[in-house]
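Report on the following structure.
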Amino acid sequence: MSIWELLLAFVLVVLMLVALLANVLVLMCFLHSADIRKQVPGLFILNLTFCNLLMAVSSMPLTLAGIIYKSQPGGDQVCHAVGFLETFLTTNSMLSMAALSIDRWIAVVFPLSYHSKMRYRDAALILSYTWLHSASFPTAAASLSWVGFHHLYASCTLYNKRPEDRTQFVIFTGVFHALSFLLSLVVLCFTYLKVLKVARFHCKRIDVITMQTLVLLVDIHPSVRERCLEEQRRRRQRATKKISTFIGTFILCFAPYVITRLVELSSVVHINSHWGIISKCLAYSKAVSDPFVYSLLRHQYKKTWKDILNKLLKRSSINSSALAGETHPQNLPQLNE
């Protein structure tokens, strides 16, 4: 193995471990907190978490083996199953992010009618569509034998080995990425930009009220006035940062891989194998960023996993105290003697 391959293998191992730990923590928070389970977005986050976990235990290890051995890991049946699963999970993850953005759009733009427009039944219908949509493309690819080990990405994925099917495979790949990556990106941009517009409007209203209050309070201390103005600036930047993170991580992680897959269809451009694996690792990194972007950095999830940690620490301290209490009476006779 070259130094590049060793480095890529190390990066993939780190991504795999962090994805497992972070998504398991999200799952623990979901199971522990009744408030999180009651919220409709929790269904979308749960679906996204399962997709990321399955990706971390199925596709990532086989890609790691493909990098190390430079050949197809396992038999054809295993590779076909993992390739099918990877295509399904990637599409499902993209559509789940789009579903989360739609939920936020309804909650912010239509707050009074949110509970009537986004119920558990509505969320279940959206998830049913994402599963049906995600399963249709890998099913079609598997029936046409367009799933296999691709050396450019060192992974089991969509791959056509027959030159006579090239035109059909090009059309299929273009439609697949248009209805998965591009559709999800358009939904993300539309919904979150609408959310940003509403957030900025509310910030302006709050800023006007704050400035009027500061003008009326003539004797206010300059430090207090400065803190109020600083809070105004932070409030204006907060929504922009969050929405930039949602859209930015989606583009940064998926766009290089999707563009590489489309460019690869052209026989004119030669793609370096190292870049192919790098683009694949970037796509895998979405399974690492999703738990932090959508869950763990939010206040409710922070509070939940801190409660879980505190309970575990208290339980361990109680167990250690019980052990100390059991050993202490045994030493009393010796001390009395």
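Placed from the backbone N, Cα and C atoms, the Cβ positions cover glycine too.
The stretch that TrEMBL tags with transmembrane segment, taken from the ranges 78-101, 102-125, 126-149, is 126-149. With a threshold of 8 Å between CB atoms, the same-chain residues lying at least 6 positions outside the transmembrane segment (126-149) that come near it are 43-44, 47, 66, 71-73, 76, 79-80, 83-85, 87-89, 91-92, 95-96, 99, 102, 155-162, 165, 168-169, 172, 176, 179-180.
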